[in-house]
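As given in TrEMBL:
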- N85, T87, R91, E127, D152, N210, L211, R227, N228: S-adenosyl-L-methionine binding site (BINDING)
- 9-282: domain 'CheR-type methyltransferase' (DOMAIN)
Amino acid sequence: MNDKLHTSERTREFNFTQEHFAKLSALSYDHTGIVVQNNKYEMFYSRLAKRVRALKLSNFDQYVAYLERHKDEEFTHFINALTTNLTSFFRENHHFVFLRDKVVPEYASAGVKEFRVWSAGCSTGEETYSIAMTLAEATEGSKMSWRITASDIDTEVLGKAQRGVYPLERVESIPTPVKKRWLLRGKGTNAGMARVSSELQKNIEFIQVNLIKPFSFQHKFHVIFCRNVVIYFDRETKQKLIARYADSLVDTGYLIMGHSESLHGVSSEFVSLGQTIYQKVT
């Protein structure tokens, strides 16, 4: 076993072996496509130890057995414990500028009646609401309406996204005029918080989606945002997911990825436009 895996063995509340790590990592990969590297060993333990405590189990042998017996009820907690949800409003702002200045005018001039965006891996909603604010202002005065489908595998962050309530420090990155228009500042017991306008929320649907399972939607999308998601997947899983994204986009639709992600050697169904923006090839 890697010596690093022994570093805090004596200080742990529960014994956590390489065998436990391997079994739980395999379950993570099989059900979510997420590859857990050895350097995540301590994080894996600390997050899942909370589940062992919550279930009043004595050790990780019992937790592995419990997870295998009660997949339907426990797997949501397992996934929620493993996923990392770092996000912010208007992160990688050039993507929203591209959406506003290039994509929306293109489809509006083509006579599209309803513009559809999928925010895949939406986390706590900052990306989704950044898209919504951009679309609301970019389509103002046009005949084109818009809808956003926002999805995540983690039900806890989906709940937060759907509520659309954030501490004031989280919304500091939103331009002041945009903030004043689309956010309501809390008062009294809600002081220090801001809530997203219902005018935006009415155009957004939040749903749970496991990206490694087959998915289909009633309508195709003009743009898919999938940023900082595929970095957790291996090559085979990436290829399958990107192929499904291509099927979910209209012809010449756009796929927007995170700054450290690339489709090079992964898919021939998209052409790079730079800045991790891709367009579907027809």
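Using the three backbone atoms N, Cα and C, a Cβ is placed for every residue, glycine included.
Overlay of TrEMBL annotations on the structure.
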| residue | record | DSSP class |
| --- | --- | --- |
| R91 | S-adenosyl-L-methionine binding site | coil |
| D152 | S-adenosyl-L-methionine binding site | strand |
| L211 | S-adenosyl-L-methionine binding site | coil |
| N228 | S-adenosyl-L-methionine binding site | coil |
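The Cβ of R91 (S-adenosyl-L-methionine binding site) lies under 8 Å from the Cβ of E126, E127, S130, S173, R227, each of which sits 6+ residues away along the same chain.
In this structure, of the binding-site residues D152, L211, N228, the smallest number of CB atoms within 10 A of the CB marks N228. This prediction places the mean pLDDT of the domain 'CheR-type methyltransferase' (9-282) at 91.
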